[in-house]
Amino acid sequence: MAITDIKKKPTLKSNGSAVVKKTTTTSIAAAPKKSTLTEKPKQIVKKVIKKQEEKEVKEEEEEEVKEEIKKEIKKEIKNEELDEDSLLEKEEEEKEIEEFINNTNQKKSEEEEKKYENVTFESLGVHPQIIDACNKLGFNKPKEIQRESIPWALKGRDIIGLAQTGSGKTAAFVIPVLQKLLEAPQGLFCLALAPTRELAYQIADQFNAIGSTIGVKTCVLVGGIDSMSQSLALAKKPHVVVGSPGRVLHHLEHTKGFNLRSIKYFIMDEADRLFSADFEEEVNNILKVIPKERNTYLFSATMTSKVAKLQRASLVNPVKVQVASKYQTVDTLLQQYLFVPFKYKDCYLAYILNELAGNLTIIFTSTCASSTKIAMMLRNLGFGAIPINGDMDQGKRLASLNKFKQGTKSILVATDVAARGLDIPSVDLVINYDVPTNSKEYVHRVGRTARAGNSGRAITIVTQYDVEMYQRIEFVLKKKLDSFPCQEETVLIFLERVQEAHRIATNELKDKNYSSSSDRHSGDSEGSIDINKRKVIKKVHKKKKY
């Protein structure tokens, strides 16, 4: 006959104190030997937490801490024979310890928030005139990247800034530059480089907005605009010059009287992109003609780890301000994927847009022709879509962007020209029609939504040919994405209409002298990968159109 014993087992609360639970166990004779593990979880946790505090473990190292705890537990139970009940107890204790660590880290983050609760632009040392401009723009409190970088910048240090997209990076370098300009005004005070035309205009807009109270003058130097009008603007000695490397170098070589020998500040926004082969020659030539006695700021959402590349920018004792891991997306972003058959890719795109109608959406494609064709196809289906890509002249690109910002068109079909730096806070949805070829581009693409604390959604369409690239992205992000729910039967209801819209778009493109053979439409990602591989083998670096 079985004997029922009432045993008391200590468990761990989130605050670290032990409570007693009553558990009922059944045995044939005497109770089995109780695992010594049950008496030690609290001591183990305390020991590891102490190590955590000593090492000042950061948020991204939480997993390492948890692994350390598990190793400690394994040491405790080594050479010990555990029965089924003891194994269950061990699992429960591991869960309790993990919960304890999570609660501890949560408390630490809450304490940090309280610590920075009273931090203001004034306490950071920002000039009252600039604070007034920030308040008018709704910048009432400094963001994390601004809190960390502005004090160092005002002390005259070079800065490498790494922060998530939409976290206020632009203002983090604009504010200190304007403050130093206010203290010692001069023409051609600052040069800011950006990899795309749209980002250059956005940086200039930020300088104009925050510098409105001090009368700052800016000049934008990008391709697609008449260089003569830019030369006339340079002749007026603007305080800040913002441009793409190619056009800045063009004016250095061809505009009489223009030089950068007097600049005090040199900024590279989206610095990792500017260090790539596409801009290497131009950036190196610009670095040769600017003074060594200057302050340099490098900012990006993803940053190269190659020290040699950073050294080319001639940084002097730089401060690294990092408020995000190398490849990190914001917590307010819902990231999903949709695995689809290659031949039904367009049909699934139409289904997603129909299901999530009413959202301001950016669709990313891998080629310019694909961007134009998909926009045409979606318009034929009744969606308000407009393209933006490197094949369009600057006037048309800005017109597309303005229509999208104003809400006249709700869908922007873009190449990676729109992936970096564009700040449109109201974007609700990002769709990766073509899987990005690397994790950096994924981070920048999905960073167009969920900006400045807002929520957003990103959906990546994955075909059978994209699985390896997609898995690589998940591996680097250290995150498994959820699947976007849908039924194929429901999706295929759109098939006939989508095929007809695609046929009409193809004919329209032929009329505009687009070569369909160079596009392959849905196969863009495959084709572009093969082309890129051949380019690497031949070591021929053709510049992308930005």
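Residue numbering: from 1, along the chain as shown.
Just so it is clear, glycine is given a Cβ too, placed from its N, Cα and C backbone atoms.
Features of the protein shown, as given by Swiss-Prot:
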| type | residues | note |
| --- | --- | --- |
| REGION | 1-21 | region 'Disordered' |
| COMPBIAS | 12-21 | compositional bias 'Polar residues' |
| REGION | 85-112 | region 'Disordered' |
| MOTIF | 119-147 | motif 'Q motif' |
| MOTIF | 269-272 | motif 'DEAD box' |
| REGION | 512-546 | region 'Disordered' |
| COMPBIAS | 512-524 | compositional bias 'Basic and acidic residues' |
| COMPBIAS | 534-546 | compositional bias 'Basic residues' |
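Taken residue by residue, the motif 'Q motif' (119-147) breaks down under DSSP into 13 helix, 0 strand, 16 coil. If you look at the motif 'DEAD box' (269-272), the same-chain residues 6 or more away from its ends with a CB under 8 A from one of its CBs are 160, 169-170, 173, 192-196, 199, 203, 298-304, 313, 420-421, 440, 444.
Across the motif 'DEAD box' (269-272), the prediction's mean pLDDT works out to 87.
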